[in-house]
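Just below is one structure, and these are the notes that go with it.
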Amino acid sequence: MEVFVFGWRIIVGSIIGFLGGAVGSIGGGGGGGIFVPMLIYIIGFDPKSSAPISKCMGTGGALATVYYNLKRRHPTLDMPIMDYNLALLIQPMLMLGISIGVSLRLVFPDWIVTILLFVLVIGPLTLAILNGRATWKKETILKKDVVKCLEHGTVGEESGNKSVSSSSSCGTSMKTNSVVPFFANERIGSEGMDQNSFPSCPSNSSEKEANASKQVQVPIFENNYWREIVYLVFIWVAFLLLQIAKSQTTTCSVLYWVLSSMQIPISVGGSLYQAVNLYKGIKVIPSMGVRGTAFKKHQLILYCLTGLLAGMVGELLRLGAGFILVPFFLELGIVPQVSSATSTFVVTFSASMSAIEFYYLRPFPIPYALYFLAVAGIGGFVGQIVGRKMVTLFRRPSIIIFVVVFTISLTVILLGGIGIANMTDKIVLKPYLGFQNLCRKHT
């Protein structure tokens with residue numbers, strides 16, 4: 001399928017790719033689990049060709065999302081919507097996890113991967129559901145408080161001083177309500193949460209004017225931490241060069257293992273640099289609120305290991321690391337908008353590296369890859385616009401969480417269905433169903 005042929009398959013595939021890019025962009029998890037089945041069963045690619053094209057589509061959607069978010073600000077804090085300090089802690093270990101996941105994918109038989117898909121996704125899916133449910137309840141309470149505030153404000157215009165006390169009590173009520181992760185209700189105070197993501201009840205006209213004048217978007221060069229971005233790009237380039245060099249060597253040769261081992265100091269050193277700065281208080285993760293200003297050693301180790309695990313599981317199961325990162329960020333107390341944006345920013349590096357690496361390992365049809373990259377990119381950009389309008393219209397950031405839940409569930413159904421079908425065929429044909437030899441696989 002080197003020659004691009006336009007027909008009904010391309011039309012249907014484009015629609016699905018557009019929707020997958022949009023949904024993946026809103027939730028921050030990507031749409032790899034939607035792209036792969038579409039490329040196999042509708043476009044007609046074999047599984048080996050569908051994987052790299054899916055990575056290209058994921059890269060397109062992520063790049064469009066990141067571009068859209070470059071000008072956006074945090075809903076309440078004076079910072080970009082993408083938390084670069086958190087990304088710098090997670091991304092290096094994530095890249096190492098992806099490299100390990102690629103090797104595990106070559107060794108593990110399909111039936112084990114399918115079983116792991118159903119088992120390992122339970123944790124992130126459960127966290128997302130519980131966080132979404134808790135967030136929805138908090139939003140409902142806050143909406144009721146807003147109605148009370150507005151009612152008191154109307155009455156206050158007629159009763160003079162009564163409005164002052166009513167407004168004050170409303171403000172106190174609003175501040176004591178916060179949206180917190182389900183498992184963190186006893187650990188996180190309201191000072192660390194996003195109050196202004198929801199409708200507020202200003203007590204006077206000056207406060208209204210201040211809120212109205214708050215910048216939602218600022219110029220790109222003023223809105224981003226360019227030193228952190230350059231640092232992340234440097235790590236990405238280092239990993240990419242190592243992966244390209246590995247693809248040109250014999251699998252399991254001395255040079256192969258030397259190049260593979262060189263990934264460890266790059267990833268560990270990158271995350272360790274950020275972890276030390278966070279531990280010493282030189283840097284903070286403001287999107288985590290108060291908890292983002294003081295870290296213990298075991299917390300930083302856990303966060304780095306989560307990045308490693310997200311890369312391994314995401315690549316092994318073809319889910320994408322975003323499906324692990326978004327529920328994890330939500331559990332840290334980060335608001336949905338920032339969780340989604342930061343996850344997409346991190347995933348951009350991993351998806352693009354995988355796409356380039358795939359091309360060196362096994363060239364795929366570039367015309368199809370570029371076309372579907374553009375389709376997913378447009379879908380991702382439109383998804384950001386629609387998602388933002390929905391959150392603003394309904395005053396419910398929990399919509400983002402439920403989109404994540406929907407995407408994870410749909411991905412498990414689609415990829416799980418493909419895995420079960422493949423298992424059934426192999427049981428009938430009775431081939432070797434054990435672990436593969438990594439060295440023999442590529443010699």
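Any Cβ shown, glycine's included, is placed from N, Cα and C.
What TrEMBL says about this one:
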- 12-45: transmembrane segment (TRANSMEM)
- 82-105: transmembrane segment (TRANSMEM)
- 111-130: transmembrane segment (TRANSMEM)
- 229-245: transmembrane segment (TRANSMEM)
- 257-279: transmembrane segment (TRANSMEM)
- 300-330: transmembrane segment (TRANSMEM)
- 368-387: transmembrane segment (TRANSMEM)
- 399-421: transmembrane segment (TRANSMEM)
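Against the transmembrane segment (300-330), stretch 111-130 has more CB pairs under 8 A than any other of 111-130, 229-245, 399-421. A contact between the transmembrane segment (257-279) and the transmembrane segment (368-387) is absent, since fewer than 3 of their C-beta pairs, 6 or more residues apart, lie under 8 Å. Most Cβ pairs under 8 A with the transmembrane segment (368-387) among the ranges 12-45, 82-105, 111-130, 229-245, 399-421 are made by 12-45. Through the fold, the transmembrane segment (399-421) approaches residues 23-24, 26-29, 31-34, 36-37, 40, 110-111, 113-114, 117-118, 121, 124-125, 128-129, 131-132, 135, 317-319, 323, 326-327, 330, 336-337, 339-340, 387, 390-391 of its own chain, all at least 6 residues removed from its boundaries and within a Cβ separation under 8 Å.
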